[in-house]
Amino acid sequence: MTTHSQAKVQASVLALLPLIVFLAIFLGSGIYHTIIGTEFAFYQVKAPIAALPAIILAILLYRGKINAAIETFLHGASHPNLILMFMVFMLAGAFASVTSAIGSVDSTVQFGLSIIPSEFVLPMLFIISAFIATAMGTSMGTIAACAPIAFGFSQATDIQPIYAIGAVVSGAMFGDNLSMISDTTIAATRSLNVELRDKFRVNIWIALPAAIITILIYILTSHHAQTIEYKSYNLWLILPYVIVFFLAFTRLHVLAVLTIGIVLSGVLASLKILNLPYLNTMPLFMMALWVCLRLPYFLCS
């Protein structure tokens with residue numbers, strides 16, 4: 001028996017825009033590659049990739065809070081928990097790949113090494129790896145990106161390679177354990193039906209003491225390190241990690257956090273490819289940081 005208590009959905013031509021965007025990207029790419037003679041033309045752009053811009057557009061067209069729009073999408077796309085884990089895994093991988101490609105990892109490491117004395121290189125490698133893993137939501141991706149840098153430091157100084165790599169691995173595991181956008185964190189919280197913040201509050205009291213002890217051990221074992229010459233870095237390339245790190249602790253949905261990080265990384269990549277100036281001034285950098293951190297209040301209010 002049907003009732004009229006449910007809210008009626010108002011028809012609108014704009015509702016067709018996400019479908020049009022998906023068809024334009026997927027079919028347009030297939031037709032283009034067919035014309036130029038590419039094999040497997042319609043497989044050059046995968047359907048899930050072509051669907052992402054359409055999903056983002058549909059969420060933006062939703063008349064309501066962005067978190068409610070994302071939850072509506074998850075429930076409409078089959079099992080919400082499975083779809084959420086899939087989306088987080090895909091977006092986190094995209095975010096890690098884009099930031100690594102534009103040099104965000106290297107800039108973060110070089111920036112961290114530029115603000116500390118050389119005898120604290122091992123503790124800083126641990127802290128940097130933990131920060132990157134928390135922002136990226138992946139320990140393996142952090143280790144793959146930071147391990148070559150740490151090994152290079154060990155070759156240039158008297159630091160044992162096992163200590164340098166160990167600092168990166170332990171920091172990456174610690175950061176991934178506390179990350180709010182990690183796929184394992186999403187799987188655990190959604191399976192047990194608990195909030196991400198609750199898991200973080202419980203976890204930090206377990207992991208933080210171990211991290212403090214580890215940092216103290218690295219301080220004691222690295223006081224004989226030689227002076228390390230750090231390379232130049234671009235402060236703007238660190239911005240995606242900082243934004244994602246802080247937005248993960250707000251009310252903004254994890255999918256929205258990752259999407260913002262990917263879009264911001266894409267903008268920085270475009271500026272880098274076009275060889276446009278980043279306008280390297282601290283006031284402008286702080287202004288961009290403030291605007292991005294204010295996004296949850298505009299999107300969730």
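Every residue gets a Cβ built from N, Cα and C, even glycine.
Taken from TrEMBL, the feature domain 'Na+/H+ antiporter NhaC-like C-terminal' applies to 51-221. The transmembrane segment annotation in TrEMBL covers 12-35, 41-62, 82-105, 125-150, 162-182, 202-221, 233-249, 255-274, 281-299.
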Take a look at 41-62, 162-182, 255-274 and tell me which one has the most Cβ pairs under 8 Å to the transmembrane segment (233-249).
255-274
Any contact, the transmembrane segment (202-221) to the transmembrane segment (12-35), with at least 3 Cβ pairs under 8 A:
no
Distal contacts, the transmembrane segment (82-105) - CB-CB under 8 A, six or more residues away:
48, 74, 132, 136-138, 141, 145-146, 149, 181-183, 186-187, 190, 234, 237-238, 240-241, 244, 254-255, 258-259, 261-262, 265-266, 268-269, 272
Looking only at the domain 'Na+/H+ antiporter NhaC-like C-terminal' (51-221), what is the model's average confidence as pLDDT?
83
